Amino acid sequence: MPTVDDILEQVGEFGWFQKQAFLTLCLLSAAFAPVYVGIVFLAFTPDHRCLSPGAAELSRRCGWSAAEELNYTVPGPGPAGDAFPRQCRSYAVDWNQSALGCVDPLAGLAANRSHLPLGPCLHGWAYDTPGSSIVTEFNLVCDNSWKVDLFQSCVNLGFFLGSLGVGYIADRFGRKLCLLATSLTSAVLGVLTAVAPNYTSLLLFRLLQGLVSKGSWTSGYVLITEFVGMGYRRMVAILYQMAFTVGLVVLSGVAYAIPHWRWLQLAISLPTFFFLLYYWCVPESPRWLLSQKRNAQVMKIMGHIAQKNGKSPLTDLKMLSLEEDVTEKLSPSFVDLFRTPQLRKHTFILMYLWFTSSVLYQGLIMHVGATGGNLYLDFLYSALVEFPAAFIILATIDRFGLIRPLATSNLVAGTACFIMIFISHDLHWLNITVACVGRMGITIVFQMVCLVNAELYPTFVRNLGVMVCSSLCDLGGIITPFLVFRLMEVWQGLPLTLFAGLGLIAGGVTLLLPETKGITLPETIEDAENLGKIAKPKENMIYLQIQTSERAGT
């Protein structure tokens, strides 16, 4: 008797229905990009200096150019080119005193301006940018610069806290309900973020949006992989993640066209209300309905898929030989992820892989640092680098499976970090080249680990398994900024040493996972336990009884 994948072969593994659903759900992946990395444009920090009303008045009276005003009234860089004095300190002088002339006004107060006392910025800051960001609006610079890190940490904390709850909802009440609820909530919170009156409310809305937005992305990911047949699920999963990269590219263009953060936030939030149309466009996952023994709805959806794909309709569907102990486990539980030896091992390894991929991906970017070039072009180039990673995956997984390429990519990323420790800072081009190789490796890991994660868990806890394990990615995102910069204070190569160790260990433990190439998605815990072993007994499977009718006989 056929399995779910066998039925999809009859009604169409990747026909018109699946292609339409895939393209529709890819919009979710693209829309998640601004939530995940939108801080690059929402909270960019432009060049700034202390605002001094007295100095500005003197500049107006003397007719100075902008360059002359900066030269006469703003402190120079600190030791070794440190920009802190220039951006966060001002000369503690009375600019209204009559002794100050228009030609080098401070020369009469001290022979060397470096001897003049400096004070804090009492009147705010002047920013050299035609646009705005939360930094410029709320003055998140100098002593308040840590608040920018907190802004991003809040969304990652939201991802982390929301992983368990949203994953449970998707497995308990369905992928579609979870998708619609999280999409609506995320859209509303995105708009509220755009109109936040102060920094505190901004943090609150950002945290709440993090709680639900990742759940929307993950529900779409699991839904599309459960719609297609076994021969296509890896391809659509990888391309679904590539849609995230498309979102990055689009974000750079939208941010360039809209340089003001509130309008930009509205521009990326308002279109997400259209995701509510999924109520009519996307059905519930038949795999999930089958795990809940809702056969009538499975029959209806399979018939709809067959009709859309131009296949013969199904006239009867029955579930047979479902063992009692399996039935008891059809309601998802966090404990199920650790209940049996193999699932327990898989869960711990996948948690580590998610954590490592996040730390290495973000850590490499932070360590290399900003190039000081065009913000929008730099972001665009870094996004484009991720496209080849997807094509490499598509070209290798059918031939080599998932586990070996995943292990190799981790080893490449770890080795690249190790090599960078010994490269002189004067060889900037070589540092950048090796760093790009490392980033390519860890990008491949990021895309593949999600696919491996979904294929190692049975249907009724699949969404929960992905959410729980990927929550370690969010934990890595929370601590990576502090991890990188604190270790660099001790030694600049210390973060790279840590990254190398994490990556090399990840490559080794990956080989402990079973290969899922050519294997049907597990439906029960016993199926998941037997992955990589001999074929499972036929009586322990969930079966479908299918009868088709010819159109001529109806």
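Yeah, the Cβs are placed from backbone N, Cα and C, and that goes for glycine too.
Quick caveat, the model's predicted, so the values are computed rather than measured.
Features as listed in TrEMBL:
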DOMAIN    103-518  domain 'Major facilitator superfamily (MFS) profile'
TRANSMEM  21-44  transmembrane segment
TRANSMEM  150-170  transmembrane segment
TRANSMEM  177-197  transmembrane segment
TRANSMEM  203-224  transmembrane segment
TRANSMEM  236-257  transmembrane segment
TRANSMEM  263-282  transmembrane segment
TRANSMEM  349-369  transmembrane segment
TRANSMEM  375-395  transmembrane segment
TRANSMEM  402-423  transmembrane segment
TRANSMEM  429-452  transmembrane segment
TRANSMEM  464-484  transmembrane segment
TRANSMEM  490-513  transmembrane segment
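With a cut-off of 8 Å on Cβ pairs spaced 6 or more residues apart, the transmembrane segment (236-257) and the transmembrane segment (21-44) reach 3 or more such pairs and are scored as touching. Under 8 Å from some Cβ of the transmembrane segment (402-423) lie the Cβ atoms of residues 234, 353, 356, 360, 364, 393, 396, 430-431, 434-435, 437-442, 444-445, 448-449, 451-452, 455, 493, 496-497, 499-508, 510-511, 513-517, all in the same chain and six or more residues away from its ends. Here the transmembrane segment (464-484) lies next to the transmembrane segment (150-170) in space: the count of CB pairs under 8 Å, restricted to residues six or more apart, reaches at least 3. By the Cβ criterion (distance under 8 Å, sequence gap of 6 or more), the transmembrane segment (21-44) is counted as touching the transmembrane segment (203-224), at least 3 such pairs being found. Residues of the same chain lying 6 or more positions beyond the ends of the transmembrane segment (177-197) and with a Cβ under 8 Å from any Cβ of it are 28, 35, 166, 169-170, 205-206, 208-209, 212-213, 215-216, 219-220, 223, 262-263, 265-266, 268-270, 272-273, 275-276, 278-279, 282, 463. Sequence-distant contacts of the transmembrane segment (349-369) (same chain, at least 6 residues past either end, Cβ-Cβ under 8 Å): 382, 406, 410, 413-414, 417, 431-432, 435, 438-439, 442-443, 445-446, 449, 452-453, 456, 465, 468-477, 479-481, 483-485, 488, 495-496, 499, 502-503, 505-506, 509-510, 512-513.
Below 8 angstroms of C-beta separation, residues 18, 21-22, 25, 28-29, 32, 35, 150-151, 154-159, 161-163, 165-167, 169-170, 175-176, 178-179, 181-183, 185-186, 189-190, 192-193, 196, 236-237, 240-241, 244, 275, 282, 285, 450, 454, 462-463, 466-467, 470, 474 of the same chain, each at least six residues beyond the ends of the transmembrane segment (203-224), sit close to that stretch. Mean predicted confidence for the domain 'Major facilitator superfamily (MFS) profile' (103-518): the pLDDT average there is 82.
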